C-alpha cells in the first residue's frame with residue numbers, strides 16, 4: 001500500500017468547506033438493486049431505484065428491493081428519484097418504494113415510459129409525478145442541480161448525471177459504454193465530460209461491470225453485421241433471434257436485416273412486445289410498414305420469409321424461446337430447418353439454463369448461432385480510462401459491479417493518477433462525507449435487501465429461508481399425537497406423516513422402524529410422567545433424528561405436534 | 001440432410017457378418033455418469049462406471065448413479081469393467097454398482113489406485129478383483145480383446161481403448177487431449193492410432209466436450225510458465241494455488257515453481273491430500289525432499305517462502321479455499337499480502353460460486369490471478385480432426401458432452417469424410433447394432449439415473465423431488481384436528497403450524513385469518529355431516545389454498561392431518 005506522503009495527498013480537516021454526503025443504499029454487495037442517496041443539508045436526491053434478482057439460497061423469493069428506512073426517516077428532505085436508465089436493476093423497485101417515498105421521478109423519455117409501464121401495472125400512475133428530462137437539460141432539486149448527459153448502453157436513452165452540489169460536481173456515469181457509432185441517437189457526450197473535467201470534478205462514481213476486461217467494448221453496430229451475414233447465409237431457413245427485450249437497438253438491427261432480406265417480423269414474448277411497443281410509439285425504433293406481422297399470421301408466409309424476435313435468451317424457463325425449445329409453445333413449433341441466433345451472453349448463473357435451451361434446440365435439428373451475436377453494454381478498461389482522463393476527478397468511488405470489479409475500477413483510477421487515498425470502495429449503508437479536503441465514511445445507516453415473495457414484502461426473512469433450505473434438502477417428518485388434558489393419557493397417535501423425505505411405498509421398513517422409535521419415545525415419556533410438552537417434543541425429535549441419521553445419513557425437519565383433548 | 005445416394009453409402013442387410021452391440025447406459029443426456037456396454041453373444045464388457053452430480057432441481061441429492069438393470073439381467077455375460085481414467089464421472093459409481101455387478105475392474109496404475117481409495121472407503125477391497133494394465137497392453141475378456149492406448153488428459157494415466165471384436169475394431173477415446181509436451185509420461189500414442197487406422201477401424205467413439213471450440217487445446221506445460229511468471233513477480237507474497245485435486249501434473253508444476261523459487265509447499269483439502277498422496281506413492285509426481293511441509297508448520301516459515309496448494313477452485317462451499325476466503329478455515333488466515341491463483345475455469349453452473357470466493361478474497365485485499373492459469377483436458381476441433389484422420393473409422397459415434405457438443409463432433413466427422421448416414425448420436429438405453437453393413441439402433445433397454453441421498457440409493461424419486469421443490473418455494477402449512485371416531489365430533493383443533501411460509505410473529509393477522517378460514521371449513525363439514533376424511537381434508541386444503549393465493553399470491557404445501565379418538 002502506498003502511504004499518503006508518497007502520493008502527495010494529506011487529507012485536511014475540511015474546515016469551512018461545504019460537505020456533501022453520498023449514501024449508497026444498495027448495489028454494492030451484489031449486481032442489481034442500485035440506489036444511492038446524495039445529501040446536503042435539507043436536500044436528498046436519490047439516483048436510481050432498482051431491484052435485485054434473488055440469489056440461489058433465497059428459495060421461493062421473486063425479487064429483492066432495497067431497505068429505504070433511511071429515506072423514510074428523512075422523508076421531508078427527499079426531493080426526487082433521478083433515474084439513469086430503464087433497466088430493472090435501476091427502476092424495478094420504484095413501484096414498491098414509491099408507496100413509501102412518494103416523490104417525483106425524473107428521467108429521459110424512454111426511461112420514464114418504461115417506468116410508467118410499471119406504474120400502470122401497480123396502479124400508481126395517478127399518485128406519481130413523472131418528469132421527462134432531455135440529455136443536456138438540468139433540473140434543480142433543493143440544493144442540487146442535476147444535469148443529464150448522453151451516454152451509450154444496452155438500452156436506449158441512458159444518461160450519466162452531473163450533480164452540482166455546494167461541495168463540487170459529482171458525476172455518476174450510470175451503466176455505460178462508449179459507442180462512437182450507436183444504432184440510434186447520439187454518441188456519448190464526451191465533449192461535455194471534457195468541459196466538466198476542465199472546470200473540476202469533485203468525485204466520479206463510475207460503472208465497474210467490465211473493469212476486469214481489457215480493451216474496448218465493440219459498437220452495437222458490429223452485431224448488425226453478424227445479423228446481415230447470418231440472414232445472407234440462411235436464405236432458405238426460418239430465423240429466430242432471442243435477445244433482451246430492453247435492447248431496442250438490437251431489435252432495430254434485426255428489423256433492418258429482415259427488411260433487407262424481405263422477411264416479415266414477428267415479435268414474441270410479453271416483455272418484448274411491451275418494450276418494443278413503447279419504443280415504437282416514442283420513435284426509438286423504426287419498423288417500416290408491412291414488416292411486423294402477428295404471430296397468428298406466421299402460417300400465411302413461407303418459413304424463409306419470416307423472422308421471430310423473442311425473449312428467452314437467458315434460458316428463462318417461462319420465456320418464449322424456452323417454451324419453443326421444449327415444444328411447449330402454443331403458436332410456434334420448432335422445425336429442423338430453423339436457425340436460432342442467441343443474441344446475448346449468459347448472465348453469470350444462467351449458463352446451465354442457456355445450455356439446456358441450446359441442447360433442446362440441437363435435438364430438434366436446429367442450428368444455433370452464438371458467435372459474434374452480442375456485445376456488452378458496459379465499458380471495458382480503455383473506455384473507463386477515457387472517462388477518468390476527461391473528468392480527472394478528485395475522488396474515485398467505483399460503483400456497479402461485484403467487489404472484484406470495484407477493485408479493478410479503482411486500479412484503473414490509480415493508474416490514471418488518482419492517489420489510492422482518494423479512492424473509496426463503498427459498502428451499502430455507508431455514509432460517505434465528501435469535501436475538497438477529504439472523502440471518508442463518517443457513519444452507517446440501515447441498508448440491505450427486503451425480500452418480495454408473491455404479494456408479501458418483507459414477511460420472509462432468514463428464519464423462513466433457513467426452513468425452506470432445510471425442507472428443500474431433506475423434506476419434513478410430522479409426528480402428531482393427541483393427549484388428554486389432565487391425565488396426559490395418549491388418546492391418538494403418534495402418527496407419522498412425511499413429505500419430501502422418501503417415497504413411502506418403497507420405504508415401508510424404514511417408516512415402520514421410525515414409527516417404533518417414536519412409539520417408544522412417547523411411551524417412555526408418559527411412563528415417566530413427563531408433562532412438559534416442550535420436553536416431549538424434544539425427546540421425539542431427538543430420538544427420531546438420531547435414528548434417521550444413523551440409518552440414512554439424512555436430517556429431515558422433524559415437527560412434533562401435540563393436540564390436547566379436555 | 002444429404003441422402004444416402006449422394007454420399008455413396010447404402011446400408012446392406014449385414015447377412016453373414018458378425019454383429020456387435022454398443023449400449024450406452026448413461027453419459028449422453030448430461031455431462032457425467034459415463035458407462036457403456038459392449039456386447040457380442042455371451043460377452044459384455046463395460047467401459048467406465050461414472051457418477052453424475054445432481055442438477056439444480058434434484059434438491060438434497062448427493063449424487064446420481066446409472067441404472068444398470070440391463071447388466072443385472074445379463075450378469076452372466078458381464079466380463080469386467082474397463083476404465084479409461086480416474087475422474088469421478090468415469091469411476092465414481094463403481095462402489096455402488098460393484099455391489100450388484102461384482103466383476104473384475106481393469107485400468108492403468110493410477111486409475112486403479114484411485115478406484116482402490118474408493119473401495120477402501122466402502123469396505124469393498126476384499127470382494128473386488130482389480131487388475132492394472134499398462135499402456136500398450138491388451139486384456140482378453142470373452143470374445144473381446146481390449147488394448148489400452150496412451151492418451152493425454154487433465155489426469156495422469158488416461159487411456160483410449162481399442163476393442164477388438166469379431167465385427168471389427170472399435171476405438172473409444174475416453175476423455176482426451178493431444179499434448180505433445182506432457183508434464184509426466186509419454187505423449188498421446190498417435191502412431192498406434194495410425195496403425196489401427198491403416199488396418200481398419202469399424203467405429204470411433206470420441207470425446208466431444210470441446211467439439212464446439214476451434215483450434216487446439218494448449219499443452220499443460222503452458223500453465224507451468226504462468227506459475228513461473230507469477231512466482232517471479234510475487235517474491236514478497238505468500239502464494240495460494242487452487243486447482244483440481246486430480247490434476248496431478250498441475251500440482252507437479254506448482255511444486256516445480258515452488259522449488260525454483262525456494263518455497264515450501266503445503267497441500268490442503270482432503271481430496272488434494274488423498275490424490276497427491278497416492279500419486280506420490282506411485283511415482284506420478286516428483287516432490288523433492290524437504291519441500292513438503294505440514295500445514296501446522298506454516299507458521300515457522302515467512303509467508304514469502306511458502307505456497308499452499310488447495311482444493312476449492314470451483315467455489316465449493318466446504319472446500320479449503322472457500323473456507324479460507326470466508327474466514328472459516330481453522331489453520332489458514334488470509335492476509336492482504338496473499339496472492340491467489342485460480343488454476344481452473346468454472347465448470348458450467350459454478351460461475352457464481354467461484355465469483356463469490358474471488359470477491360471474498362478481494363475484500364480481504366488479496367490479488368486473485370485468473371488469466372492463463374488453466375488449460376482444458378479435452379480436445380478442441382483440430383485435435384478431434386487429427387484423430388478422425390488417423391483412424392478414418394467406418395462409423396462415428398460421438399460421446400462425452402452435451403447434445404450440442406455431440407452434434408459438433410458429428411459435423412467434424414462429416415467434414416473428415418464420414419458420411420452422415422454412418423454417424424449416429426446415441427441416447428442412453430439405445431441398443432446400437434454394428435457390422436460392416438450398418439450401424440443402427442435396434443432396441444431400447446432401461447437406463448437412467450438413480451438418485452443417492454445420504455445412504456439411500458433410489459429411495460428418492462420424482463414425487464419426493466416434486467415435494468421438495470414445492471416445500472423449497474413456498475414452505476408448508478399443517479392443519480391438525482382430532483375427531484371422535486363415531487360421533488365425528490371435533491375434540492381438538494384445528495391447529496395450524498407452518499414452516500418456511502412466513503415469519504409468523506410478523507404475520508399474526510394473516511395467520512389469524514387463515515385460522516378462521518380453516519375453522520369455518522371444518523365447522524361447515526361437521527355441520528353437513530361430512531364423514532369422509534378425504535373430503536374433509538380436501539375442503540380444508542382448497543379453502544386455505546384459495547385464501548392464501550388471493551391474499552398473498554403464494555401456494556404453500558397444505559397438509560391436513562386428522563386424528564381419531566375412540
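Note: Cβ is positioned from N, Cα and C throughout, glycine not excepted.
For B:32-234, the entry in TrEMBL reads domain 'Metallo-beta-lactamase'. Residues annotated as Ca(2+) binding site in TrEMBL: B:60, B:62, B:453. Here TrEMBL flags B:85, B:87, B:89, B:90, B:153, B:175, B:400 as Zn(2+) binding site. Annotation source TrEMBL lists active site, proton donor at B:207. Per TrEMBL, the feature substrate binding site maps to B:245, B:246, B:247, B:374, B:375, B:376, B:377, B:378. The active site, proton acceptor annotation in TrEMBL covers B:378.
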Cα separation, residue B:377 (substrate binding site) to residue B:85 (Zn(2+) binding site) (Å, whole number): 12
Assigned conformation of residue B:90 (Zn(2+) binding site) - DSSP reduced to three states: helix
Number of other Cβ atoms within 10 Å of the Cβ of residue B:378 (substrate binding site) across all protein chains: 22
Spatial separation of residue B:153 (Zn(2+) binding site) from residue B:377 (substrate binding site) - C-alpha basis, Å: 5
Among B:87, B:89, B:90, B:175, B:245, which are recorded as binding-site residues, the nearest neighbour of residue B:60 (Ca(2+) binding site) by Cα: B:89
Neighbour count (Cβ, 10 Å) for residue B:377 (substrate binding site): 26
Substrate binding residues B:245, B:246, B:247, B:374, B:375, B:376, B:377, B:378: largest Cα-Cα distance, in Å and rounded to whole number: 17
Close binding-site residues near the residue listed as 'active site, proton donor', where close means Cα within 10 Å, chosen from B:175, B:246, B:374, B:378, B:400: B:175, B:378, B:400
List of residues, in chain order, with Cβ under 8 A from that of residue B:246 (substrate binding site) and at least 6 apart: B:86, B:87, B:114, B:154, B:155, B:271, B:275
Distance [Cα-Cα, Å, rounded] between residue B:375 (substrate binding site) and residue B:400 (Zn(2+) binding site): 18
Binding-site residues near residue B:400 (Zn(2+) binding site) (Cα-Cα within 10 Å), from B:62, B:245, B:376, B:453: none
Per-residue pLDDT averaged over the domain 'Metallo-beta-lactamase' (B:32-234), given as an integer: 97
Spatial separation of residue B:378 (substrate binding site) from residue B:153 (Zn(2+) binding site) - C-alpha basis, Å: 7
Residue B:89 (Zn(2+) binding site) and residue B:62 (Ca(2+) binding site), distance between Cα atoms, whole Å: 14
Residues from the binding-site residues B:60, B:62, B:87, B:175, B:378, B:453 that lie close to chain A, Cβ under 8 Å, in sequence order: B:60, B:453
Among B:89, B:90, B:175, B:453, which are recorded as binding-site residues, the nearest neighbour of residue B:376 (substrate binding site) by Cα: B:175
Spatial separation of residue B:378 (substrate binding site) from residue B:89 (Zn(2+) binding site) - C-alpha basis, Å: 14
Among B:89, B:175, the most crowded of the binding-site residues [Cβ within 10 Å]: B:175
Coarse DSSP state, helix versus strand versus coil, of residue B:377 (substrate binding site): coil
